[in-house]
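Read through the structure below, which is laid out as structure tokens, and then see the notes.
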């Protein structure tokens, strides 16, 4: 890839970056409430987002910059297996449709801002609340760091060296998130999503024409994998279970994260969420086509230092430099939206489930907002330090484990919406066994997401997160059967 | 209430998680091997099934 500064590309990039920076600060005046000094306003914009704002926000927040870089990179390197992102992001919406309207209703009725609030409200257990809150924060931190990796890839492709541009971008992001809260990413998401759509539609309609059509793209990838001796454009039978369990496990985990839940909680009605479950798959279609950029990398015979360079390199090689600059800006801005929402989600957890729970139970709504604003800064600085001082692999490994960890909060958060059968001690026991057992499995496998299960003569490679979830649920049911039920707590019966 | 429409939402899980069902090269459509266009086709199909379920709920907006 080119490393010298590309002036038209840099100019276009800087223009869009400046645009969203201004939008980020102006956002505090958007849908202006009487005061921004409450967590409901700073962190959830008063729960008033209708169908379209939610569509842009959740789309901008869930399909992150890292996705845009990493999915094609994985497809470039291993082929069909990397495509599991498609069934994953299809199946996530039926799950959202069935579960999230109920969760939204409970949160709305009781003024809950975080998943851990919901759990505390349902079970009255500080321990279970803390488990869910800590898991949320810890799983989110490496996710923010990954957004920085996505942004760094785009910035590097422009020809910038060093970490200064990254630090500058992040400081700006931290400042407008501090002042505008969720309004900033929600407003910027409009720009980000439209830019990403333009870049992807241009790529999938123009690039194959230059490379001899889609049939040729698939053939070139097939030949490249055969020459390399690894990867394939179809799955090996030994990968079937891995592919399916990764898709299902990821789909179950996706809306357990604080940033995706923040988008849900900020919606104005259950109908908004259901409608979005119908409309959000538009992004999935885009992601599926974007994944094919990995194969186009083979057809274009790119020489790459890193798999992550496949998308930037394609734009640089096959488009005029001003459009490459546009695409890189789309990716970099694509990192800002999720990074902002993630830090807000983590800050909400810190404020409600640590500060209010243990430090200052009497904190008022303005005090909550003040604490959350500081927390959002700390979270972002933490992610920045991780990226600058620790090896990239560290963030990738943590992100992998983060998916496993966040999935273990599903029983505590979701089961209570449908049944009163489970008790807090049982769910806590399931969480402990699932989280630590799953981490141990992944650790002993050399931090791989897949584990070889042998039951008798049956052998299959299964996503570790899903194994841990099954064990988690089994333990919760067992404890529930063995330990006698306490009398139901107050709020548990109110909904 | 017509909530039996919710069962429709299980169909995509069957269609996408049973991988041997679609791990083929042929038939090719617009240059896409079956494996790829089959899964891409599930995007609008799932959205349609979800829309059918959506219609059974009252609009609260």
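The backbone N, Cα and C atoms fix where each Cβ goes, and this holds for glycine too.
Just so you know, TrEMBL annotations never went through curation; they're auto-generated.
If you check TrEMBL, you get these features:
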TRANSMEM  A:6-28  transmembrane segment
TRANSMEM  A:49-75  transmembrane segment
TRANSMEM  A:81-100  transmembrane segment
TRANSMEM  A:130-152  transmembrane segment
TRANSMEM  A:194-215  transmembrane segment
TRANSMEM  A:240-257  transmembrane segment
TRANSMEM  A:278-297  transmembrane segment
TRANSMEM  A:322-350  transmembrane segment
TRANSMEM  A:370-392  transmembrane segment
TRANSMEM  A:398-418  transmembrane segment
TRANSMEM  A:425-443  transmembrane segment
TRANSMEM  A:463-483  transmembrane segment
Contact set, same chain, for the transmembrane segment (A:398-418): CB under 8 Å, 6 or more residues outside the stretch: 99, 102-103, 106, 115, 118-119, 122-123, 128, 131-132, 135-136, 138-143, 145-146, 249-250, 252-253, 256-257, 427-428, 430-431, 434-435, 438-439, 442, 447, 449, 464-466, 468-469, 472-473, 476
Distal contacts, the transmembrane segment (A:194-215) - CB-CB under 8 A, six or more residues away: 16, 63, 68, 286, 289-290, 292-293, 296, 299-300, 314-315, 318-319, 323, 326-327, 329-331, 333-334
Contact check, the transmembrane segment (A:81-100) vs the transmembrane segment (A:370-392), 3+ Cβ pairs under 8 Å, seq sep 6+: no
Contact between the transmembrane segment (A:49-75) and the transmembrane segment (A:322-350) (3 or more Cβ pairs under 8 Å, separation 6+): yes
Among A:130-152, A:240-257, A:278-297, A:322-350, A:425-443, stretch most in contact with the transmembrane segment (A:6-28) (C-beta, under 8 angstroms): A:322-350
Proximity of the transmembrane segment (A:425-443) to the transmembrane segment (A:322-350), 3+ C-beta pairs under 8 angstroms: no
